[in-house]
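S.K.: The following block contains the structure, expressed as structure tokens.
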């Protein structure tokens, strides 16, 4: 099933329509003196290649070819349209085509005329109008047949001596236990350096015994992930902006180890993002003593070495409070704060050591940072966050929001998951929460603890968005 996107441009010329196919394999664009003279597309249906008609007229200025790899597809077309010379109707003056994997036919740049875009999923056909030039262009977009994620929020009962009211901390799951470390109650004042452990069977918090290289700083803006039975903790700062190094905690022996002193590892920071796969721990962005960062570093737990990943392009600005998740071998950076809230999405391919920015669509969440996030199958699920900075910066609450959204990393489509006030246990607006991917009572989902309230108070609740189908 495909949706027909309206053709953008002028009304002059004959209408043409290539129809719908499985994929687009090649695009031919002919140049005219003032814009696009003609286009032609090659499509794929199964093993058959279908060569479309020429729309417009070739000139002596040549033809450019753009080939799409067999395992890739077009997700975004950007163009400009304008009335040229004495034309009574607009023509297309510029086209740039971008694929899911980030391949582009031309650098996307501002041009004279009116900008238009065609996107919304996998593009599987084109239509438009033409005379001796291309006057308009539209597209067909394949609609995903993926079933919407079905789930609901529950408030998890808590007993025992837990983290209590706090924000800016980190949590991670190992087996049937959730661990919490760091955080603040009063702005910029870390609370303690206990490692709290929540038993999912008894719903009871306790303070974990600790031996070895116990972190010497109580810290806020810290992040923590788990790989197997080991927790990894990086960064965070105290009230005087002294920073923590990189630690591991073996949950089977309750032993801390200082893996990398603060002066030997990646740039010390707070309010960064962390994620992990089976062999690597990733650290992205955050705020150092002097600036925000946009670097990605990975630590291989087998080799016990840091690797500084390739530098992203200018479009991935330095930021804190971003979502960072590993999905199907790619490391995804979602939104964040670079002086203002942003809504761009990028992924890093560790095999190619390459960054790609993607264009998302659907029911997109507004710009935000310091939200809860989790990776569930091919989806990234987020909740809440800050949508506008407070005039007092971190001392104030900022403008905080709610809402549960999921990004399908294959189709690049966002959807809203929760109901609008329809569930009693839906969390209230908040940011600066601690969150992780978790499995509770056999369901995988997003678990989050605490956070900052719109009143600038702190939460101490524990919520879980469990997925029934994915």
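Cβ coordinates are placed from backbone N, Cα and C, and glycine is handled just like the others.
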S.K.: Write down the one residue from 212, 321, 396, 398 that Swiss-Prot lists together with 237, 270, 292, 370, 432 as binding (Z)-N-(sulfonatooxy)alkanimidothioate.
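M.R.: The one candidate that Swiss-Prot places in that (Z)-N-(sulfonatooxy)alkanimidothioate site: 321.
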S.K.: Determine which residues of the same chain, besides 386, 390, 394, have their CB within 8 A of the center of the CB atoms at the recorded Fe(2+) site, and list them by sequence.
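M.R.: After dropping the recorded site residues, what remains is 370, 389, 392, 393, 395, 396, 397, 398, 431, 432, 452.
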S.K.: Using a Cβ-Cβ cut-off under 8 angstroms and a sequence gap of six or more, which residues of the chain neighbour residue 370 ((Z)-N-(sulfonatooxy)alkanimidothioate binding site)?
M.R.: 271, 320, 321, 337, 385, 386, 431, 432, 433
S.K.: Please report the number of other Cβ atoms within 10 Å of the Cβ of residue 394 (Fe(2+) binding site).
M.R.: 18
S.K.: Spatially, which candidate from the recorded positions 237, 292, 390, 394 is nearest to residue 270 ((Z)-N-(sulfonatooxy)alkanimidothioate binding site), comparing Cα atoms?
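M.R.: Nearest listed residue in space: 237.
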S.K.: Any idea what DSSP makes of residue 394 (Fe(2+) binding site), helix, strand or coil?
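M.R.: For residue 394 (Fe(2+) binding site) - judged by DSSP and reduced to three states - the answer is helix.
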